[in-house]
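Annotation comment: TrEMBL describes Leu163, Met172, Ser173 as FAD binding site. According to TrEMBL, the feature compositional bias 'Low complexity' maps to 14-24, 145-155. According to TrEMBL, the feature compositional bias 'Polar residues' maps to 262-272, 286-305. Taken from TrEMBL, the feature domain 'FAD-binding FR-type' covers 67-197. Taken from TrEMBL, the feature region 'Disordered' covers 1-25, 132-156, 260-305, 379-406. Residues or ranges marked as transmembrane segment in TrEMBL: 32-50.
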Amino acid sequence: MRATQGVPPAGGPQSQQQQQQQQQRGANWRTWALFNLAGLAAAFLAAVVLKTKNAQDSAKNAPMNTTSFSPFTITSKEQVSPTAFVLSVRADQGGGKDPSLLLRRVWEHGLWSVEVKQPQLQIARHYTPLPPLTEEEKKDEVARGSAGNGDSSNGEGEELRFLIRKVDGGEMSTYLSKLQVGEKVWLRGPHLGFDIARRLGDTGKHVVFLAGGTGIAPALQVARRVLDDHSSRTETASERKEEKPTVSILWANRYAADALGRQQQSPQSSGATKGRAISSLFGGSASPTPSDTSSERQSQTPADSTLALQIRELQAKHPDHFRISYFVDEERHFISEHDLRLALKDSSSSPTASTMCTWHSPSQLVILPDDNDLGRRASPCTCLQDGNNNNNKSSPPPPTAASAATQTGAGADLICVSGPDGFVAAYAGPKRWFGGTERQGPVRGILGEMMEDGKFKIGGIERNWLVLKL
Ligand SMILES: Cc1cc2nc3c(=O)[nH]c(=O)nc-3n(C[C@H](O)[C@H](O)[C@H](O)COP(=O)(O)OP(=O)(O)OC[C@H]3O[C@@H](n4cnc5c(N)ncnc54)[C@H](O)[C@@H]3O)c2cc1C
């Protein structure tokens with residue numbers, strides 16, 4: 001009984017008051033919780049907005065990088081043929097880091113591209129920077145008024161130039177063709193490709209480059225890396241002549257107007273040079289093809305683009321080591337097996353590579369997961385190790401990166417094929433998708449037909465040629 005003393009009976013006036021108080025407390029608590037939740041949500045929203053803004057600001061100021069797009073401004077635009085133009089762009093500084101140092105390093109690497117973004121459709125496509133203009137070429141550019149705002153003091157770092165073909169119905173190339181000097185483009189990269197110098201190694205002495213259309217851009221990157229860099233590193237003129245590799249470009253275009261840098265022959269010489277045979281592309285008794293730039297009896301086309309001048313300057317600078325031959329579909333002049341055999345005739349006597357060598361073995365190339373040789377920098381060249389251990393059945397210990405760097409006497413000559421997918425497939429076979437990555441795949445097409453038992457045999461002798469599909 002005591003226990004119930006003082007407890008009002010249920011349903012009494014005091015009990016109702018308590019219920020009301022409890023309801024009031026509950027309502028207060030809900031209001032308090034809602035208020036706090038709203039506060040938290042507002043703070044979260046503000047943080048997200050601030051972070052996005054910071055990310056946008058830092059992207060605006062970020063130096064060129066492989067994860068986000070950085071702003072560049074168009075400094076000049078030069079129409080070089082009815083369908084192709086050269087676009088020059090310069091990184092916006094905007095408080096961000098100057099990309100000059102990065103660009104200098106990628107030019108040292110050799111082969112590289114960047115992605116360009118179409119902001120409305122949010123699509124991106126790869127484009128290949130042309131080698132920077134030399135001082136002479138820059139003066140020419142300014143003199144001819146194609147230097148845009150006239151401040152293209154690009155050196156090796158700051159300005160990037162692209163040869164772009166406007167493709168019928170092409171989203172990105174049409175968008176780029178409409179942009180004008182002063183407008184912005186967004187670039188992501190650099191994306192590095194094959195390390196040409198390391199693949200040539202010590203014994204590789206020849207690069208044969210089959211370029212279709214704008215595929216000339218990577219060909220010029222390779223020429224710059226192999227010829228210009230070599231010249232700047234070696235001592236004497238005789239040493240330069242002796243050791244410098246040769247670069248032979250076979251450039252195919254649909255229309256004559258796109259064969260930039262090709263010099264027209266004078267009428268009296270054209271009859272004498274109807275024959276297509278050249279005994280050797282470098283040295284030897286070469287009799288030039290109708291579109292061979294080496295002929296002395298040639299006259300310059302009147303309107304020369306900076307790209308044409310750049311090609312001619314390479315020729316003048318490296319007369320014994322650089323050759324470009326032109327092939328034009330509308331003239332019914334295509335790169336034939338015969339042309340390829342002539343180009344490959346100049347192979348060096350590279351010993352056959354170890355089948356396990358990442359750098360010089362054709363069979364390893366077929367299964368590489370990507371073209372980025374920088375990622376494989378630590379992989380050693382195993383050619384000489386295998387050669388030295390031919391009689392030793394037990395596997396040799398893996399060489400260190402240091403021993404690989406000092407290894408001499410290994411290498412390969414290179415055949416690079418670059419251009420639209422159909423062009424690459426016709427000459428070297430298509431690249432293959434495997435496990436979500438695009439791989440080199442086996443050599444097929446015209447080059448594949450020229451191989452015997454998977455090897456290039458020229459004059460009955462096996463030669464170590466690596467076919468790189470770009
Ligand atoms: C590593 C790399 C580097 C490249 N470098 C350059 C470069 O320096 N300059 C350059 O102009 N392009 C370059 N390209 C090609 C470029 O990325 C685009 O594919 C090209 O500009 C077409 O894009 P688009 O959006 O205009 O055409 P899309 O809208 O993608 O294609 C439209 C149609 O055109 C066809 N097509 C696409 N490209 C070509 C072509 N080249 N010839 C004929 N038909 C084509 C397509 O099959 C399709 O039917 C490079 C590609 C790669 C992978």
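Cβ coordinates are placed from backbone N, Cα and C, and glycine is handled just like the others.
In this structure, the binding-site residues under consideration are Leu163, Met172, and the one with the smallest number of other Cβ atoms within 10 Å of its Cβ is Met172. Long-range Cβ contacts of Ser173 (FAD binding site) within its own chain (separation 6+, distance under 8 Å): Arg125, Ile164, Arg165, Lys166, Val167.
This prediction places the mean pLDDT of the domain 'FAD-binding FR-type' (67-197) at 87. Close to the recorded FAD site, the chain also has Arg125, Tyr127, Phe162, Ile164, Arg165, Lys166, Val167, Gly170, Leu176, Ser177, Thr214: residues not among Leu163, Met172, Ser173 whose Cβ is within 8 Å of the site's Cβ mean position. According to DSSP, the domain 'FAD-binding FR-type' (67-197) comprises 29 helix, 48 strand, 54 coil.
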